[in-house]
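Going by Swiss-Prot, these are the annotated features:
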COMPBIAS  1296-1309  compositional bias 'Polar residues'
DISULFID  C48-C96  disulfide bond
DISULFID  C238-C286  disulfide bond
DISULFID  C333-C382  disulfide bond
DISULFID  C422-C465  disulfide bond
DISULFID  C780-C830  disulfide bond
DISULFID  C876-C923  disulfide bond
DISULFID  C1068-C1115  disulfide bond
DISULFID  C1164-C1207  disulfide bond
DOMAIN    21-112  domain 'Ig-like C2-type 1'
DOMAIN    114-211  domain 'Ig-like C2-type 2'
DOMAIN    216-302  domain 'Ig-like C2-type 3'
DOMAIN    311-398  domain 'Ig-like C2-type 4'
DOMAIN    400-481  domain 'Ig-like C2-type 5'
DOMAIN    570-658  domain 'Ig-like C2-type 6'
DOMAIN    659-753  domain 'Ig-like C2-type 7'
DOMAIN    758-850  domain 'Ig-like C2-type 8'
DOMAIN    854-938  domain 'Ig-like C2-type 9'
DOMAIN    946-1041  domain 'Ig-like C2-type 10'
DOMAIN    1046-1131  domain 'Ig-like C2-type 11'
DOMAIN    1142-1223  domain 'Ig-like C2-type 12'
CARBOHYD  N43  N-linked glycosylation site
CARBOHYD  N328  N-linked glycosylation site
CARBOHYD  N371  N-linked glycosylation site
CARBOHYD  N871  N-linked glycosylation site
CARBOHYD  N967  N-linked glycosylation site
CARBOHYD  N1063  N-linked glycosylation site
REGION    1290-1310  region 'Disordered'
TOPO_DOM  21-499  topological domain 'Extracellular'
TOPO_DOM  521-531  topological domain 'Cytoplasmic'
TOPO_DOM  553-1317  topological domain 'Extracellular'
Amino acid sequence: MMLRTFTLLLLCIWLNPGMTSLAVESQPELWIESNYPQAPWENITLWCKSPSRVSSKFLLLKDNSQMTWIRPPYKTFQVSFFIGALTESNTGLYRCCYWKEKGWSKPSKILELEAPGQLPKPIFWIQAETPPLPGCNVNIFCHGWLQDLVFMLFKEGYTEPVDYQVPTGTMAIFSIDNLAPENEGVYICRTHIQMLPTLWSEPSNPLKLVVAGLYPKPTLTAHPGPILAPGESLSLRCQGPIYGMTFALMRLEDLKKSFYHKKPIKNEAYFYFQDLKIQDTGHYLCFYYDGSYRGSLLSDILKIWVTDTFPKTWLLVQPSPVIQMGQNVSLRCGGLMDGVGLALYKKGEEKPLQFLDASSNTGNNSFFLKNVTYRDAGIYSCHYYLTWKTSIKMATYNTVELMVVAWPSSVFKVGKTITLQCRVSHPVLEFSLEWEERTTFQKFSVDGDFLITDIEGQGTGTYSCSYRIEAHPNTWSHRSKPLKLVGPAGFLTWNSILNEAVRVSLTMQLASLLLLVVWIRWKCRRLRLREAWLLGTAQGVAMLFILMALLCCGLCNGALTEEIEIVMPTPKPELWAETNFPLAPWKNLTLWCRSPSGSTKEFVLLKDGTGWIATRPASEQVRAAFPLGALTHSHTGSYHCHSWEEMAVSEPSEALELVGTDILPKPVISASLPIRGQELQIRCKGWLEGLGFALYKKGEQEPVQQLGAVGREAFFTIQRMEDKDEGNYSCRTHTEMQPFKWSEPSEPLELVIKEMYPKPFFKTWASPVVTPGSRVTFNCSTSHEHMSFILYKDGNEIASSDLAWGNPGGSTAHFLIISVGIGDGGNYSCRYYDFSIWSEPSNPVELVVTEFYPKPTLLAQPGPVVLPGKNVTLRCQGIFQGMRFALLQEGTHTPLQFQSTSGTSADFLLHTVGAQDFGNYSCVYYETTMSNRGSSLSTPLMIWVTDTFPRPWLSAEPSSVVTMGQNVTLWCQGPVRGVGYILHKEGEATSMQLWGSTSNEGAFPIINISGASIGRYSCCYHPDWMSPIKIQPSNTLELIVTGLLPKPSLLVQPGPMVAPGENVTLQCQGELPDSTFVLLKEGTRQPLEQQRPSGYRADFWMPVVRDQDSGVYSCVYYLDSAPLVASNHSNSLEIWVTDKPPKPSLSAWPSTIFKLGKDITLQCRGPLPGVEFVLEHDGEEAPQQFSEDGDFVIDNLEGKGIGNYSCSYRLQAYPDIWSEPSDTLELVGAAGPVAQECTVGNIVRSTLIVVVVVALGIVLAVEWKKWPRLRTRGSETDGRDQTVVLEECNQEGEPGTTTNSPSSASQEVSVELTVPI
């Protein structure tokens, strides 16, 4: 008999929570049933049961050969194989299998039937549930094949059993708690029949129980490292302190398939992986054990990554990306990989600034910059840093920009920011900052901190501050001592200086090497052989260095090439003027600046030639006022304003030019590109409200067009652009009342018609009315090939796409806004061009960003139900004036109609409506001058095109069958909104009316039900407009009051659980004759059925029941003499209609995207109560988890949680009936975008550099080997060194000089000696 030994070191791992189980692999269960104790061997049946799923076929095997198989009439969990009387021919080894989707399952455990009169030998195995240390809990399982056996556990050395059990099934579990060394030993299990204590089974195979953890734990290391690419080699070394042990290595994700043993001579073992694969990623550990299976502690877990791309890293700056000079800042770098080194890089520098080794990378890794200066400002990123070679590609990474604020220094650099701090020793109400060089400059602050940015190099100057206190808010203090901001202006940085120095140095080195080669060739063109190596080496080295330098320059240029990120520019603000003309047009002039961006913090007003005028914070309307007072000659000039956001300054607004104290500001004229034969609008912006506009053409004295007061701007229209309309245009503004005051003419606008390509096709992939944060893609396409595209917003270029190589026969470009902001709205268009010819502008797309203003109300006039062929007007009622409105229909991408209005509402006419106009409509309003910031969408309004109102439905809540005194609400429900309802009661002349309902439901509450409330009700629509459309009444509702008669009884035939398609009869038995019976179902507001039988019982027949007929039923009855006054409810009766219960739904929370190391809760929900849920994972034979509430927590330990899941459930009252599995739910891993690490050009350059370096090394090695031999020859002939030879060579090269020295003779000899060689 073979002795089976189990080491708890392994078994405690196998079933550790969160790990993959090795012991259970979806094996079926096989057991015996017989008619013992009367005749235990005369009627034997073998049962085979599937562990987790139903099957259509089952197979019985005997002695490794097929004996028989059964196909049941329907899928089931278990089947029986009848054996009959046990004879010699029936003895043997039995196993069974069941049919899965792709073949037969694993066979069951072996059942051995021996000769009659002896029970089968039980199966004996062991499991542990905690880590393998003394004190863990162990379960010993004994499987006895028969029901209701007595199980005995014996231990070697003991005559009596150490434990026994009488379980109800076929298996006993013997538990050993707090495992101790005294529990070691050999165990066996035997069984016998309770009624026949003398009939014993054969002893099971023995188990040797060994307590692990008796030896110290080994160390596990990886060579060359724990992170490698697929296809590379890995060596794992497990080293312990004791020689002669057997070492074992395992991967926790798949213990059964990745379990390795080695018995080396030394105290260490190497486990080799020659060709790594992605699936080799996981957590590895090792241990060792002696010949008696006494094991060591487990090594520390070693995580091995096999990946072709590093996961993405991220970088976070603390405390802020904007840091004051001299302070400390930490850059925290993180990623999915731990135990790997990290390196901090700064843009513009090749070498890393700092390193973090692998031991310190534990998830909270920070690089520290102390006493930051301007040199530390820049863009930083972090990467994984490995100390071994690997071919893993670098993934994408985020960058952060560190800005250094030069406080408290007073040295001001152009483009930098300084914080001026005004401080006093007592509380103040407000601080004020003045700039002596700008008399109109003034800033205010509550905390005394003023940020000064040196825009346009004008930040230097002398500043002072003052304050006021709350007790005297109108009195300001004396000014502080002045502070002067000075310093060199410019943008030179150490980085740029170093770059230039490197370039100059490289150029000088190349020039020096070239000069050296020329000099050697000129001075030594007649050198003898023993010095020839110097010339060859110098030339070779010089040329190799030149080639390497050029390659390095090319590599740097290629490596520093960055992908251009298209960022939406900060929209420029709008500037205008307000005054109280015509009474005093220049006595009280105020300039206003407004930004279309909702994130604007401050506004700055500037004047050409003077600079900074003033700064004002943004109001709630995202605007600011700059009062100038009475207009004087000092105010004349050109003004513009900027808006400031968190880290950006907008473009300047259009310039407003004040030209005199009695002349209106000069307007600004603009127009789109003129296209032959098409309409052209010329825009004239006049800065002030209530002005008249005039358009002039050069060469004509009178205006070509004039417009009255239409706001601050006017649009002149040329209906059809022709050659005669070309020329220079200008516009002027004037006051509306005499005496007229005119502005200066605007700058001229030249209109020239050019030959153009046809306009492109321009659209958005989804609706142009979007919510903040949405993704918007613009598609610009043309039939012309190889075109470049430009995207415009409000006439300004914001993005381009060069040479969009599309499908044959056309070109296409896609412009993407990943997350729309409130300032991204506007009018978008596109154009395409080739080398010299441009296309016409596309039709504009108005992108409206909603949820900035309150939603409007949409109403239909005369009503939402319209006869075919009639007109209907949809009125969109907003809140603010001067908005633009858009009408949308559900199912269409683009708005149906647009309207601009000076009021607060817009009317959209649907003319001669037909069936295609039926549907839901909504509307939105938005600003046209402020990036199309829009309102939320209105509540949808359904428009019905029909000659008859749809029939409403009347129901009662909570039910139409209620007890006396209860409150009930009658709901008249219909699909038409904005219509009144009328409620009728049978036998009464008056009706209840509900006018102008704004929802699609009308509620009629009835308080404290009494006898007067009992009756039959109906309802109908009651439109508040005159309409020939027909009105239909609703269904009739009977309001029944219960509790006045004895309750009936309710029975079901044939039973409470039936298969779909069968017939069911519900029998309601009352106690009084001449009654009407009412059948009710829980959850429904209306009775299901009513009957008036001749006797005391009503039979409610339900033919061909379906799943939806499942539920809780009850019944009541009432007498014909007192209708609708009913009895108490019968007892509730629950009915299940199922062959298989309906499949559940499976969802994931918070999402199906699985981040490594994070948990996901899978929620399995079914329609039936009192069930038990089971979760299955594709690739695993056995169910993974069971739950009564349907919640399963999946931890993605080692990345094993990813895959396809499904769930099912079974009824606790009917445990053999399982539902269909749910739809498959896939959990996927979060993966960042993979970035291409280097270009093909850089790969080629890098290869050439390697070739050059190798060639350089070979040349130097060859010459170095020649040098000692040449030195020896030279010393034998003339005994002089290299220096003397060079000097003589120089002398020989001089004209008129002869040399007869022995050295020269020796040189000649040396030359002659080498010729034969």
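One is the number of the first residue shown, and numbering goes on along the chain from there.
Note: Cβ is positioned from N, Cα and C throughout, glycine not excepted.
Fair warning: this is a prediction, and the values are worked out from it, not measured in the lab.
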Cβ packing number for C422 (disulfide bond), 10 Å threshold: 20
Nearest-integer angstrom distance between the alpha carbons (Cα) of C286 (disulfide bond) and C333 (disulfide bond): 32
For C830 (disulfide bond): intrachain residues, at least 6 apart, with Cβ closer than 8 Å: P760, F762, F778, C780, F789, I790, L791, Y792, A813, F815, P841, S842
Residue among disulfide-bonded residues C48, C923, C1068 with least C-beta crowding, 10 angstrom cut-off: C48
Cβ pairs under 8 Å between the domain 'Ig-like C2-type 1' (21-112) and the domain 'Ig-like C2-type 8' (758-850), at least three: no
Cα proximity to C1164 (disulfide bond), best match among recorded positions C48, C96, N371, C382, C1115: C48
CB contacts for C1115 (disulfide bond) [other CB atoms within 10 A, all chains]: 30
Sparsest-packed among the disulfide-bonded residues, when each Cβ's other Cβ atoms within 10 Å are tallied, from C96, C286, C382, C465, C876: C465
For C1068 (disulfide bond), the one of C48, C238, N328, C382 that lies nearest, given that the recorded positions are compared by Cα: C48
Range from 114-211, 758-850, 1142-1223 with the greatest count of C-beta pairs under 8 A to the domain 'Ig-like C2-type 6' (570-658): 758-850
Integer Å distance between the CA atoms belonging to C333 (disulfide bond) and C238 (disulfide bond): 32
Cβ packing number for N967 (N-linked glycosylation site), 10 Å threshold: 12
Nonlocal neighbours by CB distance (under 8 Å) for N1063 (N-linked glycosylation site), same chain, sequence gap 6 or more: W1101, M1102, P1103, V1104, V1105
N371 (N-linked glycosylation site) as reference: those recorded positions from N43, C48, N328, C333, C876 with C-alpha within 10 Å of it: N328
Local Cβ density at N43 (N-linked glycosylation site) - other Cβ atoms counted within 10 Å: 16
Residues in the domain 'Ig-like C2-type 11' (1046-1131) grouped by DSSP into helix, strand and remaining coil: 3 helix, 40 strand, 43 coil
Cα-to-Cα gap, C96 (disulfide bond) vs N967 (N-linked glycosylation site), nearest whole Å: 63
C-beta crowding around C780 (disulfide bond), within 10 angstroms: 26
